[in-house]
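So the structure is just underneath, and the comments pick up after that.
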Amino acid sequence: MPAQASANQDPVSPAPSQPASMASPEAQKAGAAPAEENQVGTGAEKIGAPAPPYQKSWLARHFSLLRRDRQAQKAGQLFSGLLALNVVFLGGAFICSMIFNNVAVTLGDVWILLAALKALSLLWLLYYATCTTRHTHAMLFRDPHAGSIWVRGSLVLFGSCAICLNVFRVGYDVSHIHCKSQLELIFPVIEIVFIGAQTWVLWKHCKDCVQVQTNFTRCGLMLTLATNLLLWVLAVTNDSMHREIKAELSALVENFSGNDTNTCVCLNATVCEVFQKGYLMLYPFSTEYCLICCAVLFVMWKNVGRRLAPHAGAHPGTPPFHLHGAIFGPLLGLLALVAGVCVFVLFQIEASGLAIARQYFILYYAFYVAVLPAMSLACLAGTAIHGLEERELDTLKNPTRSLDVVLLMGAALGQMGIAYFSIVAIVATRPHELLNRLILAYSLLIILQHIAQNLFIIEGLHRRPLWETAGKQEAELPRRGSLLELGQDLRRASLAYIHSYSHLNWKRRALKEICLFLILCNLTLWMMPAFGIHPEFENGLEKDFYGYRTWFTIVNFGLPLGVFYRMHSVGGLVEVYLEA
């Protein structure tokens, strides 16, 4: 039989004169398998079956498989991306038609389209959680860099606020049920179910690198991402609820003055006021939640079919968060936090009345004009210290870090866009009044602070962590000579690392002080627009210059991005602090 097998293989042998001693053990093993297959298949050859094809080497087979995997992955990403693009264009056409011709395409039509998209996305989320992830080989890898604790925490926080927002909307509609359609109650209920299921799935599976049903998973992720993006676009452009509240307040004033109107007025004024205040306060959280979901879904989409190295499965041993003797950064940050809380409370108390006095706007913008230059100087100093450091740059491919940088740069466009519109409005109208000069200074400083902070965070994220450098040096120590020298070198390296880590040099101490100061300041600047009435819309200057609807769209586009930027900056600053 061996002779017969070799005779059968001679006509297709590519190099019969090659010496047998030149073959590697791997090649001999690889050649043993085809020989056995040929022995088994001799019966088929005797009856006239075609000869087996030439068996490629292990290297050729391996690279051909990798090439096919990459082509399949690119094709799946392209198809799912086109699906999301078409869904976004369709929804965008509906929303734009509603804005420019609300007779032909009404808000109810847009709600019906979004309800259908939410139902499809909800079905896929449930299928993914109950079927796809339960597959035997579905979760061979998990991305350790995806789904950090601050991302998942903000996902739950803003998701809970978005659910409360829809509860307030249901309460508001129920209090006006005598003049509203009962069909309108269905849409907030669908929204509550969709947000709850989506938050649970993303919290549990945000690190997944799915290896089964990859094309179906990519399409489901892109459909859900497109749905969240359309919800964000609708929240940015839809001011129907605000107009209803404003019309109801004006109708109440006219009723008190004796002029009766046919406007839909709430039966219980106290209950309606609670629903209105809750809805207006939580409105930015809904748009913020959509942005966070889009970011998490995009990371999951990039990780579909991704195979990680065996050592990349475990999260690197980052050191715990300690102050390490930092004093001035936390003190200055706490001072800014306390001052911001005081200004925030005073402004909120004043905003609860019918009109906000001018001095409270001056106080609000004066606080920003005092804090923003300090933050910009701290960021510039931190960037200069990064340039003086001896740590090498981390040039390894990291999709999560790349997305963090893109989100940081993209989210900064929100407040910067509002600032540029404010600058144009102030310079073109009344630039010499005190309040307008403060708003002008605030707008210029917010642009400078965003640029300086982005430079500092991005530079810090691309530096190799100190604990990783120390681990690399200890891994190189076994190249030394005797076992005694090896033990002494390990002991010296460990003592030097502990001494360097516990007793910071001036550059690392300064970086930690700067990071702590910026973390507290960004938390302060996150809290004020997230939970309060927005002076950018209430001061009236830009609203009178651009018009109500235009300025409403600009503010609703920029403020959620600004809130997301502050929260994302805190996460980046924590990473820079830990790696310093």
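Cβ atoms here come from the backbone N, Cα and C positions, even for glycine.
The compositional bias 'Polar residues' annotation in TrEMBL covers 1-11. Residues or ranges marked as compositional bias 'Low complexity' in TrEMBL: 18-27. As annotated by TrEMBL, region 'Disordered' applies to 1-49. Per TrEMBL, the feature transmembrane segment maps to 78-104, 110-129, 149-170, 185-203, 281-301, 321-349, 361-385, 405-427, 514-534, 546-565.
Below 8 A, the CB atoms of the transmembrane segment (149-170) and the transmembrane segment (546-565) form no more than two pairs separated by six or more positions in the chain, fewer than 3 in all. If one looks beyond the transmembrane segment (546-565) by at least 6 residues along the same chain, the residues whose Cβ comes under 8 Å of a Cβ in the stretch are 232, 235-237, 239, 242, 284, 287-288, 291-292, 407-408, 410-415, 417-418, 421, 425, 450, 526, 529-530, 534, 536-537. Cβ atoms under 8 Å from those of the transmembrane segment (185-203) belong to residues 111, 114-115, 118-119, 121-122, 125-126, 128-129, 152, 155-156, 159, 162-163, 166-167, 169-170, 173-174, 224, 289, 293, 296-297, 300 of the same chain, restricted to positions at least 6 beyond its ends. Long-range contacts of the transmembrane segment (78-104) within the same chain: residues 110, 113-114, 117, 215, 218-219, 221-223, 225-227, 229-230, 233-234, 237, 301, each at least 6 residues beyond the stretch ends and with a Cβ under 8 Å from a Cβ of the stretch.
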